[in-house]
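Remarks on the structure that follows.
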């Protein structure tokens, strides 16, 4: 038995013993996705967390995702295998900056991407994902909207909803992975894989999205590649997504826009901090518990409910 097989077996036993479930983000490494009870994007997993009867929820993803699960599930124990697994997007917007924008634009609703710290989310009117951002903004009864922290997603929403003024909060919030994508990389990938369709995440720069055959969230990419007759796809998002796509569509071929050999930017260093050893320890010792203050959790839940009413 290999070490990976041993860990998978031990984690499976721990889940039963502790009445725990593992929620694994689509960007997780292959072995972590295998041991997860549910895989998906951050919103999908937050909803799954609300529906589970498990006593313990282990979130195999970056820290803001565990915060989100805790806010929506105050009576359950939520664990993060590594509390240092941060997010450049989440870190790019602090409460002070958001409050300054709210004071400057008092009548503008605040729409925050789910990749935001829980304390900033507590000041939001709506919390969206890459798959719901356009739909929510379209339905808002406001001409000016504060949108953050992802500037690329804000640009995409602005393009899709030109009749509204999107103010980026902050002006330069970026994902460390998607920020490095260029049109030149797209041209090289298309030349290398001429029969492949390009799928891009809305966190990518607008020039990448305009070159893509499909733009969508990680879950939407899985669905698109499953339903599309094409057999090959170039994937313009974090390289761990290739694992999720191969698990769900084993007969098709998926190529990352950029490989880890070509650029360190292909892999999110924070997502990469979560591995089987840490997952096992987290379940075994029930660390590290993520607990969101009650008043913050209530405000975040209210913003989520506001969003759900529009979808």
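Cβ from N, Cα, C; glycine included.
Swiss-Prot names 25, 42, 113, 114, 115, 130, 201, 202, 203 for binding iminosuccinate. Of 97, 182, 218, the residue it gives for the same site is 218. Spacing of residue 115 (iminosuccinate binding site) relative to residue 268 ([4Fe-4S] cluster binding site) is 14 Å (Cα to Cα, whole number). For residue 87 ([4Fe-4S] cluster binding site), other Cβ atoms within 10 Å of its Cβ number 22.
Within the set 25, 42, 113, 114, 115, 130, 201, 202, 203, 218 that the record links to iminosuccinate, no two Cα atoms are more than 17 Å apart, and one pair reaches that distance.
Residue 115 (iminosuccinate binding site) falls outside any helix or strand according to DSSP and counts as coil. Rounded to a whole number, the distance between the Cα atoms of residue 268 ([4Fe-4S] cluster binding site) and residue 25 (iminosuccinate binding site) is 12 Å. For residue 203 (iminosuccinate binding site), the nearest neighbour among the binding-site residues 87, 175, 268, judged by Cα separation, is 175.
Across the structure, residue 113 (iminosuccinate binding site) and residue 175 ([4Fe-4S] cluster binding site) place their CA atoms 12 angstrom apart.
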